[in-house]
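Take a look at the structure set out below.
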Amino acid sequence: MTHNCIHWFRKGLRLHDNPALVSALRDCKDLYPVFVLDPHLYNSDHMGINRWRFLVGCLHDLDCSLRKLKSRLFVLRGHPEDVFPELFKKWDVTKLTYEYDTEPYSLSRDGKVTELAERHGVEVVYKISHTLYDMDRVIEENNGKAPLTYNRMQAILKSLGPPKKPVPAPTLEDMNEIKTPYTENHEEEYGIPPLGELCEDTAAPGEEKFPGGEEEALRRLDEHMKRTAWVCKFEKPQTSPNSLSPSTTVLSPYVTFGCLSARTFWWRLAGGYQGNKHSSPPVSLHGQLLWREFYYAASVGIPNFNKMVGNPVCTQVDWDSNPELLAAWREARTGFPFIDAIMTQLRQEGWIHHLARHAVACFLTRGDLWINWEEGQKVFEKLLLDGDWALNAGNWLWLSASAFFHQFFRVYSPVAFGKKTDKNGDYINVQQAAGCIVGKDYPQPIVKHEEIHKKNIQRMKLAYAKRSSDAAVSPNKKQGWTTDTATGTAAPPPAATSLMSGQRPGRVQPLTLTSLNSNTALL
DNA sequence: TAGCTGGTTGGGCAA
DNA sequence: ATTGCCCAACCAGCT
């Protein structure tokens, strides 16, 4: 049986380690590589100019690589549930392949598309290759709950064994029996739209420091892997948030869009470690990839993960709503040079160091401005090239001391923290020169840090006191379980409910007896 | 079970 | 320059 097959690119914008694509090529006659500009994801709320530019770079690189396989990329606009039925008919499609994606929107979208595919007699195949591990397996192994500490996560992953090896990219030989039917009008019909057509932002973007695409990703990976000693010695907390050139790899945007496979990255690192003394998780480069797994598992296992209300692991805090302070933070005019320099770099380059993210996130939330971390999350999502749904939410939960991290009395100083690694303020000078907002009219600090951060620690203390008293009244609540006040029966958290009804599109995944028994709330 | 330990990355001061 | 302690005292997971 040979198929007319669509491979649907969403994340996973690469040919290497793409098992779903390999599955498509195995029994394929006509191949249609497709990317859909879904307005739910690709709109001005989610996409700043730098993200748009990165995505366009990825798509051009993908099309270029596909041409080398005598194929092409087909770019379409619209909601996937509208686009695919038309394509199924138009191209007489019999098989659809894609990479599994655990984001809530993706799961519901893929569920709908799978249903439509089945209605059109189209076989659907998906593969896990965005993460090192199968997140549902991780949660199953931890008795149906997401691990809440890195140590616990490590123990679970150890029991699952090392990640799978990446699969090779398709070659011309693999394409011998396969063709992609495209016409002379391909550019007009299915070409990649120019940046100006996609992005409302009229301001000219800055220098493109991190061009998108798989080729660039693999080139950068090679460059870093040449420095074996640096790779082996890498300890994240020792890297600098305000060095003039990045003190880390900046491979995260490439992993986010799937230009670089996390498994390829993992096994290249393993090769570099081989026979050498090297650092270990959580601070090593392997450790960084495991943090990603940690947050992905949390995002799958915890309901309302990117929100405060309805998120069972999130401390409920009476954050202020203050649009003026929020705008000052977002637009790099807080009057704290270190904070404003970081926000300037974020807006200009789309990337800032992890510890710089800590500094500005702490400042926005529990440190100074007392603004809900969800507001910061939105800003980061739009501006960061590596704005990843699970990692962004997880890190904001962490930094605001809402979940995972609870030592809220450890507060970053918006002045002192930067001075540790940049005594002369060189980073601030560079960003002031580059920034369009920070400049001659440098404002006064919008808050008095010394006073307000102590007051805020007390406010956090109150929020935590409320948190533990709530947990004492209703121990089930802490686990995300709700108790029906009328009957007194406990109901599972939404995540477990959706698992029962089959969270993966096209597959029913029953809640196991083990996971039920191990939840003490039921017993 | 209750107590203990560790937690990728704080600041500020003393020695 | 680096280390160690205090500040006040959190949670999750382990024993």
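Residue positions begin at 1 at the first shown residue.
Quick reminder: no glycine exception, Cβ is built from N, Cα and C everywhere.
What TrEMBL annotates here:
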- A:3-132: domain 'Photolyase/cryptochrome alpha/beta' (DOMAIN)
- A:248-252, A:288-295, A:386-388: FAD binding site (BINDING)
- A:Trp319: site 'Electron transfer via tryptophanyl radical' (SITE)
- A:Trp373: site 'Electron transfer via tryptophanyl radical' (SITE)
- A:Trp396: site 'Electron transfer via tryptophanyl radical' (SITE)
- A:468-510: region 'Disordered' (REGION)
Just to verify: the residue among A:Val250, A:Leu289 with the fewest other Cβ atoms within 10 Å, which of the binding-site residues is it?
A:Val250
Spatially closest candidate among A:Trp319, A:Trp373, A:Trp396, the listed recorded sites, to A:Trp291 (FAD binding site) (Cα to Cα):
A:Trp396
List only the single closest residue to A:Trp319 (site 'Electron transfer via tryptophanyl radical'), chosen from the binding-site residues A:Thr248, A:Ser252, A:Tyr295 by CA-CA distance.
A:Tyr295
For the domain 'Photolyase/cryptochrome alpha/beta' (A:3-132), the number of residues DSSP places in helix, strand and coil:
55 helix, 31 strand, 44 coil
For each of A:Trp291, A:Tyr295, A:Trp319, count the other CB atoms within 10 A of its CB; which of these recorded positions has the top count?
A:Tyr295
Integer Å distance between the CA atoms belonging to A:Trp396 (site 'Electron transfer via tryptophanyl radical') and A:Tyr295 (FAD binding site):
11
Round to a whole number and give the Cα-to-Cα distance in Å for the pair A:Trp396 (site 'Electron transfer via tryptophanyl radical') and A:Ser252 (FAD binding site).
17
Rounded Cα-Cα span from A:Trp373 (site 'Electron transfer via tryptophanyl radical') to A:Gly387 (FAD binding site), Å:
15
So if I measure Cβ to Cβ from A:Trp373 (site 'Electron transfer via tryptophanyl radical') and keep only same-chain residues at least 6 apart in sequence, which ones fall under 8 Å?
A:Met308, A:Trp319, A:Ala361, A:Leu364, A:Thr365, A:Trp396, A:Leu397, A:Leu399, A:Ser400, A:Ser402
Restricting to the chain of A:Glu293 (FAD binding site) and a gap of 6 or more, list residues whose Cβ falls under 8 Å of its Cβ, or answer none.
A:Thr131, A:Leu132, A:Tyr133, A:Met135, A:Val138, A:Met153, A:Leu157
